[in-house]
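Chemist: Found this in Swiss-Prot, in case it helps:
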BINDING   Lys17, Arg18, Lys19, Ser20, Gly21, Lys22, Asp23, Arg141, His171, Gln180  ATP binding site
BINDING   Asn170  substrate binding site
Amino acid sequence: MAPLGGVPGLVLLFSGKRKSGKDFVTEALQSRLGADVCAILRLSGPLKEQYAQEHGLDFQRLMDASTYKEAYRSDMIRWGEEKRQADPGFFCRKIVEGVCQPVWLVSDTRRVSDIQWFQEAYGAVTQTVRVVATEESRQQRGWVFTPGVDDAESECGLDNFRTFDWVIENHGDEQHLEEQLEHLIEFIRSRL
């Protein structure tokens, strides 16, 4: 039984380290498939919105890649973990409300409990996609190891996850990335 959103034809759960290119990949897919076919859902959206409300912060600034967001990241992670411990599906339910496109790209899946929730709610139409990039590539995109962030469950929760359905290598080779995206797009179109 699908909760509150439409019934998707395909749910792709994207995960990866900070600065691996998850947003870049999901936005590239959406631009090729069209926003009428494909919705990008961000688990961090409702988390940041609720956190901003409870702490009197600027929600929009928490959503961008700014130093403002980074200043609150550690506390936001702790707060989000407390919410998830009380209700593992809390943020998952929030992001699917009212979504009507047939393809859902969840751009920031970070925990096994997120994957389990989508698999239980949507079954066989759920696929996992891991975006990987070398540390060097991530550093070129501005990543710097931050204790309490890069070693927290929000970054490491899927490091030992069983097999991902798809692995996208995003090390900076545009042609190789393009080939992988085309293969994934073919699969997505076969499910529509």
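Backbone N, Cα and C define each Cβ position, glycine as well.
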Chemist: Enter the number of other CB atoms within 10 angstroms of the CB of the residue listed as 'substrate binding site'.
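Modeler: Its Cβ has 24 other Cβ atoms within 10 Å.
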Chemist: Using C-alpha positions only, work out which of the binding-site residues Lys17, Lys19, Gly21, Asp23 is nearest to Asn170 (substrate binding site).
Modeler: Gly21
Chemist: Would you mind checking how many other C-beta atoms are within 10 angstroms of the C-beta on Gly21 (ATP binding site)?
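Modeler: Counting Cβ neighbours of Gly21 (ATP binding site) within 10 Å gives 24.
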Chemist: Check the DSSP secondary structure of Asp23 (ATP binding site), expressed as helix, strand or coil.
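Modeler: DSSP assigns Asp23 (ATP binding site) to helix.
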Chemist: Taking Lys17, Arg18, Lys19, Ser20, Gly21, Lys22, Asp23, Arg141, His171, Gln180 as the record's ATP-binding set, what's the max Cα pairwise distance in Å, rounded to a whole number?
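Modeler: Largest pairwise Cα separation, rounded: 20 Å.
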Chemist: For the residue listed as 'substrate binding site', name the DSSP secondary structure in the helix/strand/coil scheme.
Modeler: coil
